[in-house]
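Contents: one structure, followed by commentary.
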């Protein structure tokens, strides 16, 4: 349900209100509360910085081959411990190779990235946590059954941004809300009961250093944005890139914009870098519930079915006009319309 509570209302009160309106959300609300408690604990560890030890220290490699930082492990252990006390049957985590079985008879499954943006740890930049809550499917013949359903089956989704303030962005399936951690009380409080992504924008977020590897539709779209009022987009754009998915998406949810992490020609990047279950699908639900859109360029994100828990997917999300425009480029629309022949031959991003 949409939250109607006043600004400053504690998360627990808002969750209780949602359950009163829709008792079917009782278990999901319990999971969100558990994640929130873990986020408070993780926020405290991050807030101590180097005084709490070298949180950026390298360790083993995770399921995707990334080097695990000390804080990756701390966050994973914290949230897993919290979820053991919640109605969660299984967890798919970025930091675990296989699905973790918690409470076999519980009704829910959680896909989670315990620490997004770990490359930012050592430089005091924003990091976060991303999660999606789904029904647990009891199928002995398919141990991945709970996670091989479309993203549209998610009951709730959210992320936490550990930045200047620690923020929780949450949807329970009707609207997207934001909460901020009140450090004096150690709990999250409502700051926006209805986040809304404007339909149009003049901002895009993409890692432009990979431009030479992009597929033609992405090159064409970004090139047209860079042409500003002289090009077919007919407006001047700004570029933003924080190298932290949660921070980039929070900006989109707060003031609009379009975020792109496409697949590209680099080895192992054909489907981008982001993981479908515990990064892309939760973000897509949050953005859609705030009035935006999310696609991989050709297919609505929430219609995609994962084949494995660490599967990747390209992501284009945010303001609907721009997301629709990018999809048009992918569909082979007319991205050359409005370009001068000279620019088409010598544009900065032409391969």
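These residue numbers are counts, starting from 1, taken along the chain as shown.
Placement of Cβ uses the backbone N, Cα and C atoms for every residue, glycine included.
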- line: Listed alongside 113, 115 for Mg(2+) 1 in Swiss-Prot, from 90, 94, 95, is 94
- prompt: According to Swiss-Prot, 113, 116 bind Mg(2+) 2; which one of 279, 288, 311, 321 is listed for that same site?
  reply: 279
Task: Translate the DSSP assignment of residue 117 (substrate binding site) into the three-state scheme.
output: coil
Field: Residues satisfying Cβ distance under 8 Å from residue 279 (Mg(2+) 2 binding site), sequence separation of at least 6
entry: 113, 116, 130, 245, 315
Statement: Those binding-site residues from 117, 118, 119, 207 that fall inside 10 A of residue 94 (Mg(2+) 1 binding site) by CA distance are none
Field: In three-state DSSP terms, the structure that residue 94 (Mg(2+) 1 binding site) belongs to
entry: coil
- request: Please list residues from the chain of residue 119 (substrate binding site) whose Cβ is under 8 angstroms from its Cβ, counting only those at least six apart in sequence.
  value: 243
Query: Fewest other CB within 10 angstroms, which one of the binding-site residues 118, 207?
result: 207
- request: Within the same chain, and leaving aside 113, 116, 279, name every residue whose CB is within 8 angstroms of the centroid of the CB atoms belonging to the recorded Mg(2+) 2 site, in sequence order.
  value: 94, 112, 115, 117, 128, 129, 130, 159, 245, 246, 274, 275, 278
